[in-house]
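Look at TrEMBL and you will find 3-150 tagged as domain 'Histone acetyl transferase HAT1 N-terminal'. Positions annotated as site 'Interaction with histone H4 N-terminus' by TrEMBL: W162. Annotation source TrEMBL lists active site, proton donor/acceptor at E239. Taken from TrEMBL, the feature domain 'Histone acetyltransferase type B catalytic subunit C-terminal' covers 249-300.
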Amino acid sequence: VRFPEDLEDDNTTFNPEYSHQVFGDDEVAFGYKGLKILLYYIAGNLSTLFRIEYTSKVNERFDCVEADDVESKIREIIPPGFCTNTDDFVSLLEKEVNFKPFGMLLHTYSVHNEEAGEDITYQIYKADMTCPGFREYHERLQTFLMWFIETASFIDVDDERWNYFLVFEKYNKDGATLFATVGYMTVYNYYVYPDKTRPRVSQMLILPPFQGEGHGAQLLETVHRYYMSSPTVLDITAEDPSENYVKLRDFVLVKLCQDLLCFSPGKLMQGFSQEMVMEAQQKLKINKQHTRRVYEILRLRATDMGDAEQSRSYRLDVKRRLIGPYKKKQRELAKMRRCLRPEELTNQLNQIDLNMQHEQLEESFQQLVSDYRRVLERLAQA
């Protein structure tokens, strides 16, 4: 909500992707007709208005059942101090002009908005719990995780090893410049013996009204650039990354790596090398596993897949990596031959059908190439 009229505007409304963490696996609130759970957030500081509306509710006296206590379920995830009536909320909205982003400005960029017919400015900040007011703001911000990340959990903000990176949109209201929350990322700094850290991306969320505009890529690249300048950082990883995050990371890392000398077309055609691993880690804080994916994507770009020899060479190179888990199975099988009785061995062999392995390998390869091509298409448009 930026203006009072946004409260009545369905265009500013967005729905949760998940609600199982609040309402159980069936995602059902029992005992109501026409139930609406309304959560409004002021665009910048995320002050909250919470209301429940329904046309009717089961009555324990007549129906011998009790409706779910929806209010207490929501209260468990939103911090206290929220508004319950619109007038209080609108009076807080008038104070929004005093809200300023927390922490240190890292990056400013603009995105052209077709609807508005102009470029809109965005800024990325790094904050921590010492910033006045940030702790309370973060409590409100993290409530979105429950609705948009499938396995979300709240973090221990008293642990000083957390870093917070925030994206804001700058907008004008009555001649003043205001800020709206776009999204954020939390990163945990793990210790690596003897004197290094390994930042691990924990949570990342771009709010639905801003998705598909490139903010995730801007945020991830900014975070990488922030850590790249630190001599104590070994490399950057992610905790249990989603499929969408992996696609985003592929794009950002390829964009960062494509100008490194070790990824020149001539060197790509010679195969994956230790030089690539060293340079990507030292200059860009990218680990070996992610560097290998970057190499495969850039090599695909440098390969003429219409040329039988080049295409075959690329396919074999990628499949050699993909076959790792299958080779592990073969080694396990060799052990089984030594240890198992014949009837037990037959049972295990039935599970390791070589033809099926070849089919799965080819399927994995085709899926990878399809994903890689999407990354290259996005790169060509960037």
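Placement of Cβ uses the backbone N, Cα and C atoms for every residue, glycine included.
These numbers come from a predicted model, not from an experiment.
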What residue among the recorded positions W162, E239 has the most other CB atoms lying within 10 A of its CB?
W162
Using DSSP, tally how many residues of the domain 'Histone acetyl transferase HAT1 N-terminal' (3-150) sit in helix, strand and coil.
50 helix, 37 strand, 61 coil
At the Cα level, what's the spacing in Å between W162 (site 'Interaction with histone H4 N-terminus') and the residue listed as 'active site, proton donor/acceptor', rounded?
14
Over the span of the domain 'Histone acetyltransferase type B catalytic subunit C-terminal' (249-300), count residues by DSSP class, listing helix, strand and coil in order.
40 helix, 0 strand, 12 coil
Averaged over the domain 'Histone acetyl transferase HAT1 N-terminal' (3-150), what pLDDT does the predicted model reach?
93
